[in-house]
Amino acid sequence: MQGSDASYRRTDTGAVLRSGREILLQAFNWESHKHNWWGNLEKKVADIAKSGFTSAWLPPPANSFAPEGYLPQNLYNINSSYGSEQLLRALLQKMKQYNVRAMADIVINHRVGTTQGHGGMYNRYDGIPLSWDERAVTSCTGGLGNRSTGDNFNGVPNIDHTQHFVRKDITAWLQWLRESVGFQDFRFDFARGYSPKYVKEYIEGAKPVFSVGEYWDSCNYNGHFLEYNQDSHRQRIVNWIDATGQLSAAFDFTTKGILQEAVKGQLWRLRDPQGKPPGVLGWWPSRAVTFIDNHDTGSTQAHWPFPSDHVMEGYAYILTHPGIPAVFYDHFYDWGNSNHEQIVKLIDIRKHQDIHSRSSIKIFEAQPNLYSAMIGEKVCMKIGDGSWYPEGKEWKLATCGHRYAVWQK
């Protein structure tokens, strides 16, 4: 492992984005806090590395009012329902040995107060590190700060990132996570809640190797029918990425929304009028983190789930396509051995054929029951019930499963 240590410690934030060869694992779900999580994951690090993942997104490290981690209070207390600080540090040390980067879930849009202040609200943070007063809380959520620079997360004080003292403290905390705790990558929770220019400042200050933002708003629906054209939706995500100084990637919620409708016999959706993929993937693939489900959309919350009998078609799409694919823990570890093996095989093809975030793509078919495409020069794939295979004797079947197939030269 020694030889790769230098690349592992690399602080050039841009190197990973330029290379475009990341494969992410979301290493938790909504129930993980019930299962001695840091200990459970430590046993899986070797398999995560062997499967080809470059980074594993972990749940929020700080102690939280809600066990899942998304209502933080004392950011420097990293004993949480997922396990003790000692167990977390042991997990991160093991990940370092296996050259899998650890991604911290950064929850800095809101913070639960410790004491009552202005207006009788719990909008002060006395008695704990980062002991801010009411000026750190936006005026829209009961504080004495400025108005929010984004959308409100209701029911809890939202942090006012316009305050210099707040940004200085957050940057120092992020640097601590990077340098002392051992996280390399960041995932920014509820990125709609504050201006992306602050994400840029935090990335420049803490220098994560890779960052991704959760900019999630609703796709364009007509009643319950998803509209074909989602350009305004992907444009909002592109604008967010742009405003981070292009330093952060973003989850491709547009592709997620389209793909989960497309696999139900509407595969015509997977080609936009310009002949390109219809999500962020089609416009800015080097910044698009594609995924099938996460702890919100799937798991036990199931706010916006991918149809479960089509999940492997989804992975056949994102793991062969440009962009930065992310695999969900449940699909990889809880849905049986066959799923695990099929996903590993697709990752293997991606790596060996050197598909990366900027690989070229040529879409051949986008009909109700058939989608087919060539990625780079050496991979073809199809999903759907329709029959299709690439022309030419040089193509060999690399893998196939229920309603999908992949060929390589």
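Here the Cβ of each residue, glycine as well, is placed from N, Cα and C on the backbone.
Whatever TrEMBL says is automated annotation, not expert-curated.
Over in TrEMBL, the protein carries these features:
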- 22-350: domain 'Glycosyl hydrolase family 13 catalytic' (DOMAIN)
- Asp189: active site, nucleophile (ACT_SITE)
- Glu214: active site, proton donor (ACT_SITE)
- 351-409: domain 'Alpha-amylase C-terminal beta-sheet' (DOMAIN)
Inset, instruction - Grab the pLDDT values for the domain 'Glycosyl hydrolase family 13 catalytic' (22-350) and give me their mean, rounded. - result: 98
Inset, instruction - Between the Cα atoms of Asp189 (active site, nucleophile) and the residue listed as 'active site, proton donor', find the distance and write it as a whole number of Å. - result: 5
Inset, instruction - List the residues of the same chain that sit at least 6 positions away from Glu214 (active site, proton donor) in sequence and have their Cβ under 8 Å from its Cβ, in sequence order, or write 'none'. - result: Arg187, Phe188, Asp189, Phe190, Ala191, Ala250, Phe251
Inset, instruction - Mind giving me a neighbour count for the residue listed as 'active site, nucleophile'? Other Cβ atoms within 10 Å of its Cβ, every protein chain shown. - result: 19
